[in-house]
């Protein structure tokens, strides 16, 4: 912490004149946090006056922003107070008579709003929620209205997650249908009904043919060259279709990047790193707002339709959290409590995965393993309900056109051989290596853009990247497909009536019926052609995804990782299939492949395993990843291969660093405290304080209970803009007695500056004991309100002494300097502390904040890597 400029009041008249020149506030007033003499008799004499003041103030409060108010008089007996005393009237040791005429008691009501980019106080928010629930429970028998309010509050959580599930499912269906239609629009139009995509357009056609990648060809679907009456087989027609493909891609990407950069910068990216940070207790106003929700919902359609190597499934987590944030505002239980709001956001994040893939159980596990920071048991059931509702809505809309919510159905149940564990592990190792390569190159590219002129032109960057992507992808039939269509073909198994290149085998025996089982055979020329095209598609996607992720458009990494892994897995599967077929005499293959002529190796299964491996190598997920892939494909009999691959990918990836989401959090500088890793600290709390302070000779920025003037406090707040200041007894004996919020002190100081000293107090305010609630100084957005500031200023200017004892939190979290840092880190993780005060022999020694802990953890990781390298 920075040093303190507030000292004692024994500086003489010269120091007081200096303070008068430094600030326009009342320089003569002094601050005390000491026992107050009893004023019990004084209260008894003027009870009627106090009631009149409270009634008058309550009338004025009805015109304010709706914040709750607590009116109290001077507390009898001895109390710890922060008192501002006017030395001009000789008030150095306040007496009973002086309190009768010059006291203003400022009551602190726990605030409901935080400032932007601030960490919430989990303990205070949860305590306030318990107090609110206790009050509702005590008042529920007073009337039918109170009973209804109580039961509505009890069921508000279920109602909120119901609305979140419905809205997330509707948005997912709208985005999936719109993205597929606009993607097909780049290649042609359905002339009978332009609002249909190519697959829907050919449903009503009697003659449907398929090309080499199993894309529909029918008389109702016309390419752009056919619309302009060009010969389909001519070179000019091919180049015209090429031009229209690039043209529509640039139009889509240019529109959405201009919309995002100009209107909603928070709508770019996937949003998962920011959601992790927000769920850990960080405030980012606007990131979950309605405008971000609207722009990102439309942006996902245009970004994926432009053919860029991005996915829309990752941003669904952000979209669902926006729904959760918007609907939580309808319920005071969650809208006015940031800690409880995180429960709704956790359920919403899991629902985003559920509606994106049709994987409700996988979404729940994804929230537990990857996203959520605070996940109580009751939130688990609400998350289960929310994911179920979202999946049901997606199934009702049927955006995939297959009659169910599974996006990449695996319609086979061929058993896998024991020897295939070896290639499965190899695919997992490749996935971990690719994840490491992508993370390091992508993070390095993003860092380079921050210091280079490229980052200053996000619109041009996206347009140029779209031009390059469309120019490279169109000649390749597999890259011309959308990534979900490509994945669906790669994970599928060849049927008898399939004539695409991936199913071109040289079979000598005739196939009896369409339901007959396919037997193994040598690869035909179509498969050789597909292998080279898929290899080229793999190189292109690996290269382009590095430069695409991180641009100013809605972009997810989940589907590109699945696509790259499916391509690599299918290639390895084809190679393994041919090796097994041509070497059936080997002992390791004789038992599995020599019994019959059926396939002992299924290339589609390798595509599923590859998708799991490459996604796990990037995200480092394990349990949730296996469940998601099982639900996405419907292949429940392949859980063991998925588990083997996911573990291999994670082990290899962890050997080289952290996952992409953690690296993006570090790159953005968010105060996210990882709660999964254990760090072996050799420091004690006192040593950590000295390590976090750059200059130990500078004292801490503290507020002293005796002798500080308002001018000194004002200067302290401006020189050391910390969120919380410790309150100590004196500089000679820095024993901590509490902590005070910077925001509360600024509200009091600003109220004294808004009105001049010539303003007379209104008759309705009792000069003996004027009560001002700090909550009424703020409006709903957390900023000082004009009416509240005017009322507070009148009361503050009319008094000589300000009692601010209820601004002081007298229950700070304190540890000694000998406390192990492992215990301190656990306190930050499990209690959600914003800061912890460290004492040495009862005296304040220093302060540890969340950012200090994060920095110490990074230093510990760096030192650990250096030890391993040496």
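Just so you know, glycine gets a Cβ as well, placed from its N, Cα and C.
Predicted automatically and left uncurated, TrEMBL annotations should be read as such.
Per TrEMBL, compositional bias 'Basic and acidic residues' is recorded for 15-24. Annotated domain 'CBS' per TrEMBL: 808-864, in sequence order. The region 'Disordered' feature in TrEMBL is assigned to 1-28. Sequence annotations record features per position, and here TrEMBL assigns transmembrane segment to 148-175, 239-267, 288-310, 344-368, 380-401, 421-439, 460-479, 530-550, 557-575.
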Under 8 Å between C-beta atoms and at least six residues away from its ends: which parts of the chain pack against the transmembrane segment (421-439)? 542, 545-546, 561, 564-565, 568-569, 572, 576, 606, 609-610, 612-620, 641, 644-653, 655-660, 663
DSSP composition of the domain 'CBS' (808-864), residue counts helix/strand/coil, works out to 26 helix, 19 strand, 12 coil
Test of understanding: applying the rule of at least three C-beta pairs under 8 Å (pairs 6 or more apart in sequence), is the transmembrane segment (148-175) touching the transmembrane segment (380-401)? yes
Chain residues in Cβ proximity to the transmembrane segment (148-175) (below 8 Å; excluding those fewer than six residues from its ends, i.e. six or more beyond): 133, 136-137, 139-140, 297, 300-301, 312, 316, 319-320, 323-324, 327-328, 330-334, 343-344, 347-348, 351-352, 354-356, 378, 382-383, 385-394, 396-397, 399
Return the stretch with the most CB pairs under 8 A relative to the transmembrane segment (239-267), choosing among 288-310, 460-479, 530-550. 288-310
Should anything in the same chain at least six residues away from the transmembrane segment (460-479) have a Cβ under 8 Å from its Cβ atoms, list it; otherwise answer none. 211-213, 215, 242, 245-246, 249-250, 252-254, 257, 306-309, 454, 486, 530, 533-534, 536-537, 540-541, 544, 547-548, 551-553
